[in-house]
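Peer 1: Here's the feature list from TrEMBL:
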COMPBIAS  360-371  compositional bias 'Polar residues'
COMPBIAS  372-381  compositional bias 'Basic and acidic residues'
REGION    354-381  region 'Disordered'
TRANSMEM  26-51  transmembrane segment
TRANSMEM  60-80  transmembrane segment
TRANSMEM  86-108  transmembrane segment
TRANSMEM  120-142  transmembrane segment
TRANSMEM  162-182  transmembrane segment
TRANSMEM  194-217  transmembrane segment
TRANSMEM  247-268  transmembrane segment
TRANSMEM  280-302  transmembrane segment
């Protein structure tokens, strides 16, 4: 037993590395900066897919990017350029991601296959083709081919300063485009018919959103990998949605969650040692999502149970009051004045025209019914 506990404790670090030593190391600093930027851009741009209920599109884009990465590496190497340049590989990944989305839309529109099945077909085609190309590349004589395989699961430790600058430029460019068309995009996300009626081109807005979200996803493939990028794109938005009902706040909060998780995950991965950075960040994002689902003030499980319990209590109190009122009426003489009868039936606390003011019984009944209808927590979501 003691040996088992010793072996278990050896899996965890005895102490965390100090922040000064961590930030003072060049490679750690570059890796953390890259993870923060990737988390921020993927969180903000991925929220556009989340609010449009197209979360699986990020999975299609991420997995299909491996085909574009291999293709861009081969073409750049044949042309004598740097095949491992993150700019070159990002362009290739963006092209393959856009082609995968276009293939998904084409299959869904031209056949009787559903959208989910079309996504699965497109993902299988591009991801399977990319894996075959990656395997063939491993037997080739291209220099630097071994580094391409790291894009499957990512390796943040290989990030260079030029890579961080490239990620920042591409990410901020995508955010700038979204900011320019923010009014049109926000309207189209919730009311496509209304956006088209207002004169906005639906195809243009779809193209802008697809391009920007694709860039936001593929720029993180080197540090996170194609397998886990869907978590970076969707989990921050899902967690942020539990805390706000406003799209701009959701947009920024998702980016903040992604950035903070990326920074803390990098620090924790270095402190633990011998663990990849991407999975550690995804675990932290999952914990943030779990906390949001349980403890957020309006949409959490606890808030839902509280509203449900209060709603049941209100119904019970209303039933008890109605029962007591019915018992009180059983021995009284039934009203004959039509105005009084109308007040009883409508539960109206207004003044009766032909008999003076209504009784206290009618007033209390009308007030109770009025409150139960206007209580905002009765309307469960």
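Even glycines carry a Cβ here, placed using N, Cα and C.
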Peer 1: Looking at 60-80, 86-108, 162-182, 280-302, which one has the highest count of Cβ pairs under 8 angstroms to the transmembrane segment (26-51)?
Peer 2: 162-182
Peer 1: Could you tell me what the rest of the chain brings near the transmembrane segment (247-268), counting residues at least six beyond its ends with Cβ under 8 Å?
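Peer 2: For the transmembrane segment (247-268), the nonlocal Cβ contacts are 16-17, 19, 22, 28, 31-32, 35-44, 46-47, 50-51, 156, 186, 189, 232, 236-237, 239-241, 277, 280-285, 288.
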Peer 1: Sort out the residues at least 6 away from either end of the transmembrane segment (162-182), same chain, that have Cβ-Cβ distances under 8 Å to it, and list them.
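Peer 2: Result: 30, 33-34, 37-38, 40-41, 44-45, 48, 86-87, 90, 205, 208-209, 211-212, 215-216, 219-220, 222.
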Peer 1: Determine which residues of the chain contact the transmembrane segment (194-217) at the Cβ level, with the cut-off under 8 Å and only residues 6 or more beyond its ends counted.
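Peer 2: Cβ under 8 Å, 6 or more out: 41-42, 44-46, 48-49, 52, 57-58, 61-62, 65, 90, 94, 97-98, 101, 170-171, 173-175, 177-178, 181, 184-185, 187-188, 229, 232-233.
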Peer 1: At a C-beta cut-off of under 8 Å, are there same-chain residues at least 6 beyond the transmembrane segment (120-142) that contact it? List them, or none.
Peer 2: 59-60, 63-71, 73-74, 77, 83, 96, 99-101, 103-104, 107, 113, 148-149, 152, 226
Peer 1: Same chain, outside the transmembrane segment (60-80) by at least 6, Cβ under 8 Å from its Cβ: which residues?
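Peer 2: 88-89, 91-97, 99-101, 104, 119, 122-123, 126-127, 129-131, 133-134, 137, 142-145, 148, 151-152, 213-214, 217-218, 221, 226-227, 229-230, 233.
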